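What Swiss-Prot records for this protein:
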- Ala2: N-acetylalanine (MOD_RES)
- Cys61, Cys66, Cys85, Cys88: Zn(2+) binding site (BINDING)
- Lys564: N6-acetyllysine (MOD_RES)
- 633-719: repeat 'Gelsolin-like' (REPEAT)
Amino acid sequence: MATYLEFIQQNEERDGVRFSWNVWPSSRLEATRMVVPLACLLTPLKERPDLPPVQYEPVLCSRPTCKAVLNPLCQVDYRAKLWACNFCFQRNQFPPAYGGISEVNQPAELMPQFSTIEYVIQRGAQSPLIFLYVVDTCLEEDDLQALKESLQMSLSLLPPDALVGLITFGRMVQVHELSCEGISKSYVFRGTKDLTAKQIQDMLGLTKPAMPMQQARPAQPQEHPFASSRFLQPVHKIDMNLTDLLGELQRDPWPVTQGKRPLRSTGVALSIAVGLLEGTFPNTGARIMLFTGGPPTQGPGMVVGDELKIPIRSWHDIEKDNARFMKKATKHYEMLANRTAANGHCIDIYACALDQTGLLEMKCCANLTGGYMVMGDSFNTSLFKQTFQRIFTKDFNGDFRMAFGATLDVKTSRELKIAGAIGPCVSLNVKGPCVSENELGVGGTSQWKICGLDPTSTLGIYFEVVNQHNTPIPQGGRGAIQFVTHYQHSSTQRRIRVTTIARNWADVQSQLRHIEAAFDQEAAAVLMARLGVFRAESEEGPDVLRWLDRQLIRLCQKFGQYNKEDPTSFRLSDSFSLYPQFMFHLRRSPFLQVFNNSPDSSYYRHHFARQDLTQSLIMIQPILYSYSFHGPPEPVLLDSSSILADRILLMDTFFQIVIYLGETIAQWRKAGYQDMPEYENFKHLLQAPLDDAQEILQARFPMPRYINTEHGGSQARFLLSKVNPSQTHNNLYAWGQETGAPILTDDVSLQVFMDHLKKLAVSSAC
């Protein structure tokens, strides 16, 4: 029989689901005492090369309030050609096409190995993919040139029938006509005036006179084919023209006097982009790709004035309510994000500058629409160029690894309700019997819209057990959840992916050991971290840390083995032993610690809310590898005791790859030993972490910042700030101390944290 660890991994590979608990407490009261909520990390479009889509539509439950999809957990009467829904127990007739089914001739959706299945929907018109570039021209000459080259390169990666458009902005905003042969023509808008969607569409000539009964008909893509084709053209038609147009783009002509910032109308440019797509291609897969090299400095959405002597807001300003433009700008971008999400479009933000660019205010544009957020120093760096190129990578079938306009519908058995979701989604406000009144994350609904998805996009979905304590579930009972994802595939097909899972119920009084053994501490750490980061958006940082600490203490009290008032007796089983360590590193992470970070570090939170379990764990607790002459590279503790003079360290934090040379290694390299034939093994030692780093850099999206440093180097701070400070300037000379690098910090170490946790867990006062 498979261990729980193997069971968890098999389910993740097959269904893209990781639950915090894999045996569920059978009553509401007991579930609340488990501290960590019943929740899962769902990767709706997890890549499955072994899962070809079926070319027919799913069979749905006939009950209007259910509509669950036929799945392997349903009971089937093959003689009567009936099936019973495992969610509402409605008996349903099979459609005529299923007349030949039997125990030995089952459709794929009834086979146990197809707990996840994908359907291709044949009906409905297919729409091309749409890419609308929104380009900042207030860049330095070399930055603008590099960006133009990247955009020209991207045209060759788009499908020939994809529609593409171009908006440029500086002090003014220009919407470029692409249907003109031989001449450049554009519509120019003032960057200071906020325009409604109707005004934008009227000015661009996208509306046509109202006709009787016109309002009753839902908008269809390409309702005004001529009007929209002036601004959005198939790549194969305008490849050469647009390449030339991009090549001719000049820096914003308005002069910038000394001591001033360029006037940058980002808010108006985005508003026009949203209005253009809203009027021409509602409910069609589209990406608005914003490239900006500085903060918006005029018009709606501005985050700082043009006077350089007045700095952009800091966390200190925000705490003191001294960020003059922040609330108004955030409101503007939230309004745009909600409109974009309602139309099924997504907004990507590519912000490359040495100073802040206003990501704090603009973050909702990417967060609510499932768009990408990329932050760099310059468009002329390999970090941006390679990250941008990776957006257009293809899967094993030659299709883009991106999907559009998805809706996620979650169905549960009667003992469960849905509390909410955390991830790149917006609520569709679909109430129903399976929706909980207690919200966690984006709640009050059983359906969410995810406008931009890729194979690693992951949502945290939280549930509530509602079965009462006095109505026991029969022995061997199982709870079920179904995830139904409707989306537009990058091949323009409409598809539905259905994942149906079940887990055993258990009585906590008699089967607590089973529940404990089925605890997934990695998934639980990420799910609790997402809750903490979600709360940090609206609560004070210290309050969030206190909440996380309280939850950790309660969990240790519930599942630890100890004698009252005796910290030395405290033990956690293997299922829980790593969880406190994850919480320790989470408390020190940039997701919760804003000190010494700029407000644009909301970039980190953006990625944490959308990455899968493996990448999220790396963000919480970076991986550290050690290279030495004594053997192959090995993972070592993320601890200052691992920093040794004769070692090379490779640290992966997800956002950075750091190679650190110990003191002796750095001296040998300076002496040039690697160039001497007799020290070839030293040359290989220096090369090994570089090769491994290259492998990570090639696979990661977005591409991490690459840092090569050594003992005493200024960039060694990236490593020193992450390791557990077991050796500091305060305890450096403690008796029996291992050799290692002391960290100059007053932060508590993991050992002190654990000692304090044990004291509180065994205390009867807590």
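The backbone N, Cα and C atoms fix where each Cβ goes, and this holds for glycine too.
Annotated features taken from Swiss-Prot, shown on the structure.
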{"residue": "Ala2", "record": "N-acetylalanine", "DSSP (3 states)": "coil"}
{"residue": "Cys61", "record": "Zn(2+) binding site", "DSSP (3 states)": "coil"}
{"residue": "Cys66", "record": "Zn(2+) binding site", "DSSP (3 states)": "coil"}
{"residue": "Cys85", "record": "Zn(2+) binding site", "DSSP (3 states)": "coil"}
{"residue": "Lys564", "record": "N6-acetyllysine", "DSSP (3 states)": "coil"}
> To which of the recorded positions Ala2, Cys61, Cys66, Cys85, Cys88 does the lowest count of other Cβ atoms within 10 Å belong?
Replying inline: Ala2
> For the residue listed as 'N6-acetyllysine', which residues of its chain lie six or more apart in sequence with Cβ-Cβ distance below 8 Å?
Replying inline: Val762, Ser764
> Measuring Cα to Cα, how many angstrom lie between Cys61 (Zn(2+) binding site) and Ala2 (N-acetylalanine)?
Replying inline: 33
> Mean pLDDT over the repeat 'Gelsolin-like' (633-719): what is the value?
Replying inline: 96
> Other than Cys61, Cys66, Cys85, Cys88, which residues of the chain come within 8 Å of the Zn(2+) site, judged by Cβ distance to the Cβ centroid of those residues?
Replying inline: Ser62, Arg63, Lys67, Ala68, Phe87, Phe89, Gln90, Asn92
